[in-house]
Amino acid sequence: MSSRPATAPVSAGGSALLPRHVAIIMDGNGRWAKKRHLPRIAGHRQGVEAVRRVTRAARAMGIEALTLYAFSSENWRRPEDEVSDLMGLLRLFIRTDIDEMVRENVRLRVIGDYRRFSPDLVALVEDAIARTAANDGPILVIALNYGAQAEIAAAARRLAEKARDGTIDPAMIDEAAIEAELDTSDLPPLDLLIRTSGEIRLSNFLLWQAAYAELLFVDTLWPDFDAATFADAVAAFSSRQRRFGGL
Ligand code: FPP
């Protein structure tokens with residue numbers, strides 16, 4: 001069997017163990033706004049500020065990959081106005097922050113079926129990915145119209161097509177073959193998955209990749225998340241003993 005144990009955390013220039021790949025379910029924007037009697041968009045706007053703080057903090061700490069759940073395949077069920085506000089914020093974020101990503105050697109990646117977004121947003125996303133493609137520093141992955149079950153179904157479909165066409169033997173389909181078809185195939189294995197706002201569920205995010213990840217649920221609402229809370233989360237990861245099924 002081709003199982004590779006999930007990541008062994010790398011040493012960060014000393015004794016602290018750093019996760020290579022951190023993913024975050026950024027939850028609680030709406031509640032943050034409600035507590036202040038503000039419209040939900042105000043919470044999402046502050047959420048973008050938290051994205052900036054945390055991507056910078058992750059970069060400064062030497063985290064190789066940071067994956068952020070910005071829009072799930074279920075988020076289309078929100079009122080049209082809110083979906084449109086989120087698209088607007090994404091547009092603004094890419095336009096405003098792309099120069100910093102290029103300058104800071106960040107590689108921007110997207111997972112999920114983002115091609116269902118409006119053509120101008122698709123073009124903006126693809127242009128931003130292309131502008132950072134030659135960078136070789138930290139990877140910022142934004143999950144857009146992402147759903148893990150759809151991702152796994154698409155991987156199964158592609159493998160079935162290859163089997164039908166005779167390019168693979170069904171008996172050879174193992175975990176590595178499935179992983180190679182996932183949107184995350186060229187990213188470091190997921191080490192730490194954080195969800196903010198006190199909710200304790202994965203909401204169809206990185207279900208395959210989370211098999212051996214450490215899960216951390218924190219009460220902080222996403223707009224309040226900052227470099228210090230991120231550092232606390234990484235410290236919590238570092239203090240856990242990972243056994244990957246062994247003893
Ligand atoms: C969850 O809060 C948050 C989202 C559905 C969207 C996350 C989006 C952002 C932080 C802004 C855009 C992102 C980028 C990368 C530019 P919620 O609305 O479900 O909060 P609630 O559960 O308190 O209502």
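Glycine is treated like the rest: Cβ placed from N, Cα and C.
For ASP27, the entry in TrEMBL reads active site. Counting every protein chain shown, the number of other Cβ atoms lying within 10 Å of the Cβ of ASP27 (active site) is 22.
Look at GLU214 (Mg(2+) binding site): DSSP puts it in a strand. A simple way to gauge crowding: the CB of GLU214 (Mg(2+) binding site) has 20 other CB atoms within 10 angstroms, across all the protein chains here. Summarising the annotation, TrEMBL assigns Mg(2+) binding site to ASP27, GLU214.
Cβ contacts within 10 Å of TRP32 (substrate binding site), excluding its own Cβ and spanning all protein chains shown: 23. Under the heading substrate binding site, TrEMBL lists 28-32, ARG40, HIS44, 72-74, TRP76, ARG78, ARG195, 201-203.
In the three-state DSSP reading, ASN75 (active site, proton acceptor) counts as helix. Look at TrEMBL and you will find ASN75 tagged as active site, proton acceptor.
Listed binding-site residues: GLY28, GLY30, GLU214. Those with a CB atom under 6 Å from ligand 1: GLY28, GLY30. TRP76 (substrate binding site) sits 29 Å from GLU214 (Mg(2+) binding site), counting Cα to Cα.
One residue stands out among the recorded positions SER73, ASN75 for having the most other Cβ atoms within 10 Å of its Cβ: SER73. Look at the binding-site residues GLY28, GLY30 and count other Cβ atoms within 10 Å of each Cβ; GLY30 has the fewest. Every protein chain shown contributes to the tally, and the Cβ of HIS44 (substrate binding site) ends up with 23 other Cβ atoms within 10 Å.
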